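One structure, pasted below without further comment.
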Amino acid sequence: MLELQFLRQPESVTVLAGEGTLLPCVAAGYPRPSVRWQRDNVPLSDSDGRFEIVGGGSLRIMDLTEDDTGTYSCLAESGNETIEAEAELRVRVSPRFLKTPSSIYAYESMDIDFQCDVTGSPPPTVKWVKNGDAIIPGDYFKIINEHDLLILGLVKSDEGFYQCLAENDAGNIQSNAQLIILDHNVPIPTAPPPTLTTAPAAHVAPAPPGSGRGPTPSAPRDVVASLVSTRFVKLTWRPPAEPHGDNLTYSVFHRLEGAARERVQNGTRPGDLQVAVQNLLPDTRYSFRVVAHNRIGPGESSAPIIVATQPELQVPGPAPNLQVASVAPTSVTVSWGTPLTGNGEIQAYKLYYMEKGLDGEKDVDVAGLSYTLTGLKKFMEYSFRVVAYNKHGPGVSTEDVAVKTLSDVPSAPPQNLTLEAQNSKSVMVRWQPPPPDTQNGKLIGYKVRYRKGSRKSEAVETTGGTQLYQLIDGLERGTEYSFRVLALTVNGSGPATDWATAETFESDLDESRVPDAPTSLHVRPLVNSIVVSWTPPENQDVVVRGYTIGYGIGSPHAQTVKVDHKQRFYSIEHLDPSSNYVITLKAFNNLGEGLPLYESAITRPQSAPDPSPMLPPVGVQASVLSHDTIKVSWADNSLPKNQKITDSRWYTVRWKTNIPANTKFKTANTTTLSHMVTGLKPNTLYEFSVMVTKGRRISTWSMTAHGTTFESIPSSPPKDVTVVSKEGRPRTIIVNWQPPSEANGKITGYIIYYSTDVNAEVHNWVIEPVVGNRLTHQVQELTLDTVYYFKLQARNSKGMGPMSEAVQFRTPKGKCSTRWGALSLIAGYSPGMSGSSDSHLLVIVIVISMGVFTIIVVLVGAFFCTRRSSSHQKKKRAASKSANSSHKHKGSSKDLKPPDLWIHHERLELKPMDKSPDPNPAVSDTSITHSSQDVVPTDTSVTTSGHQRRNSYRGLEAEDSVSALGGRRGIRPKIVMPFDTQPPQPVISAHPIRSLDNHHPLVGGAAPPSCGHLRYPVSLGPPAPPQSDLSDSAGNIPESARSTPSVEPLPGSIPHSGPTEHAQTEGGFHGSAPDAESGFHPPTAHVRPSHPLKSFAVPPVPAHGPAFEPAALTGPPSQLASVKTASVGTLNRARPPMAVTVPSAPDIPETSKMLEEAESSYERDELSEEMAHLEGLMKDLNTITTA
């Protein structure tokens, strides 16, 4: 095989239009190469008789025109090889006028424009000549639009002949025009000769009428320059004093001061009293005058005024020596010099650049004299310019400099790769170039890679130039091959296409004749289309390249479409309904088309829509029936007045809610004028609309109706329940939560349940009500180092929701109070300490010594009190009686101090441990857990009169222990412990017991009371009221006491008005919140909240006594929400106070009898008995300390 090569290649040539030329191209090779030509990558048309291939490959072009200019390519092909050679053909065209200048009539001071438009190749240059002398452009003679001549401010000497000369390498042409300057009293001809033309209307002064002279306007008045800038002046004036007409027009004449040439500028509209004169020079003095015109002609001129334009700030000139160099496919380096002119230091430069073919210009700020711009497109032409900035602003821009970035490998593969098996040994591969913006340079060829099956080894064939196909031969019969194509630039090859497969024929099919007719043809008509299907020809030995489908109304040759040889059906679209189409199908190969098959089909008719549209339903109403049901009703104007449906119409109801915002519509169909929508969410706003359908007629959606479902109990518990300890207060925890996901209404409150036993019944959990929508709550007075379980329940106006899951929390460990630890040491129950410890014994001795010293001091004071004279005692008793009578009404007991009653009280109460008067002391078990909040004492307004009478004997809480003990007498009160309102410091009487091991819960090193245990201080108050006020002799509780609930007022609802308001509800409950937090506390009995409270020397409630039934709360709702109970069935029920009976003196209802008894009890002979009892008490204390 002889290598393919050029023996002679075409060369670039320049030829005049109308002549002919020959582009030589001779190639040699074996097989003999074939030659074809392209112009600008487009094959030359064989139908153009001016192109002829001669001598086996040379191109002859005759009668050249300007359109023949371009790049001509000679492509030589031999077998699978292609070579290419290029040459430039430039056609010279002599100048030709597109528009010639015309003669002009004008007045002095006007501006005129001679137009001269020429074309040619190369573009011709234009010169202007006046009366044989070349015109040099200046201030008044300017070349505009590349070819036109503009003359400003005509003077008489400008009159003459003007010539437009156009010239290029191919030749030259010229055209003449005349300028005639008329006097102002000579009208411009209305119909100028064909060789003459007027100037633009804005520059032509109005011509006087041909006849009828009259007065002209006087001079305009008060001509002033209202605005003066660097390059324009705005003049204003007043109308003439004698206008002599309406709708005056004005002309402004201006010239350089001292110059003879004057220019004129006319007003744009009649009556305008201002004109802006532009295109002036900066810092230059001008002379201005104004002339008014009426229908007769111009009037008198105003006196000239001299105006100097403002000086222009000196900005930088253009940066010299602008150079642009492409340094990479995506970057360009731009450099320039410092401007030669400019006032002040250059502060910065701005580099502007723009991609060719786009309008948007980009810029970047530069501090120096060069900049490298990156991120540009590959092999793309850009234009650049630079503007310098100083303190006055931007300067003059440089001229644009264009450069093209460097080329690179293509960034995308070729497109539309197709394969076609030619025979048993060859496959034709065809493709299209990559997208233009991804070629990144000029494509010099393509690579075709192929392999057999899925083997890794590949064969490569390369094409040259712009060839978009390649025949791959020498393949095996009946074998599948994979192909892919890559594009090439001078930089290398780009990415390849995906692998495409083709299989060679098992045998060489016959293509020496056309295929036979397909064996079958089927059609299926639709309204606007026909689906055609077929089977291939019966003779499979003839090559079939594809099928041709022809169709049309009445004729199959109206339109044709070709499909691939593998295709077996096709849908003909965009047909007319109810039309008779004839379809033909033919198989074809490279030799031609075979015999056709014919079929006809009539498209289906199109059903005409009903011209009358359905009216949408009206009066849509949404009636809310329940929390999940809304009834939607409407009316139909297309029905009779009775709204009776007699046809087959039906309605579609749709509804949605805007929460969440992307909720979709739900729909339901009905044949009635109402529909019940169920399954809705409670307390949710829904919108409803209705649509009617009748056959194929459908209305639009109606106006919307809205309805909000009723509230319902919450269907989900509060979420995200967390429990944390409060910093600095280990016995206080903070419960936080979030509202329920499905609140089903406005949340009005929450209930917090907590317990130490997660498996306890619900009514045994302690509750904490939370009013409102608060999401946090504090629970106080908890036991340290104890595991608690918390649950939450939300409520709204409809009721309570479900409980949340239990949250476990262990309270932290804390340090115990010193005073309670010391008190535990007295009883011998100090946790974590050995009874034989020396340090503990020292503490016990010190505490006991202090106690003995205090008792001795009290005894001495009591002894001196008893030595007073009897008259003094009588006065004191009278004063006490008066004070007690007043105390009934005022609630104060400061003056009631029976002398030495504490000794009598101790004789009754503090018995020796082995001399208990009751062989079987009763124990009342009451499970009490501390409340989380500081409880406000019960309002005295809800207590009985007997209760008020009992309170009258109490001393103030602030009194010292001596005065409190002085008010004590040998009558044991009945202690009432309200379970629903528990005081921070419940009070019980401290009695010596026979065995601490049997009754005290702190055996074995339990935590002291200050570490979270309940504290019950010793009752040291004044005498309790008579027992008959609360119970009868049998211990029964009267209805008045049983029906008095303990209600905790809302915070702030009951202000503290005095000490009596801090007293607890029953006798013996004297602790208040302030007293519990500070000050000295008497010894207390200690119990854990989780253990039954064991009350000492308290007889049990008789078994046959009446059961304590909870009484209904009668307070306002605010009080109901604040009730705290230790055992809860429902929120609105509270357990009433439970009376605990203790030994008491006989009932003496009258105060006077009590005072008389007190007088008889405190005689001098009894003082000895009290001293004896005191000695016994000291012995008991010594016994305890020595133990």
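Each residue, glycine too, has its Cβ placed from N, Cα and C.
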Pick from 194-221, 390-417, 1146-1173: which stretch is listed in TrEMBL under region 'Disordered'?
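Per TrEMBL, the stretch marked region 'Disordered' is 194-221.
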Which listed stretch (219-312, 318-408, 413-507, 514-607, 717-814) has the most C-beta pairs under 8 A with the domain 'Ig-like' (95-180)?
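Stretch with the highest Cβ contact count: 219-312.
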Please give the average pLDDT for the domain 'Fibronectin type-III' (219-312) in this predicted model.
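Here the mean pLDDT over the domain 'Fibronectin type-III' (219-312) amounts to 89.
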I'd like the per-state residue tally for the domain 'Ig-like' (95-180) from DSSP, helix first, then strand, then coil.
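So the counts come to 3 helix, 53 strand, 30 coil.
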Per DSSP, what is the residue count of the domain 'Fibronectin type-III' (413-507) in each of helix, strand and coil?
3 helix, 50 strand, 42 coil
How many helix, strand and coil residues does the domain 'Fibronectin type-III' (616-712) contain under DSSP?
0 helix, 46 strand, 51 coil
Tell me whether the domain 'Ig-like' (10-90) sits in contact with the domain 'Fibronectin type-III' (413-507), defined here as at least 3 Cβ pairs under 8 Å among residues 6 or more apart in sequence.
yes
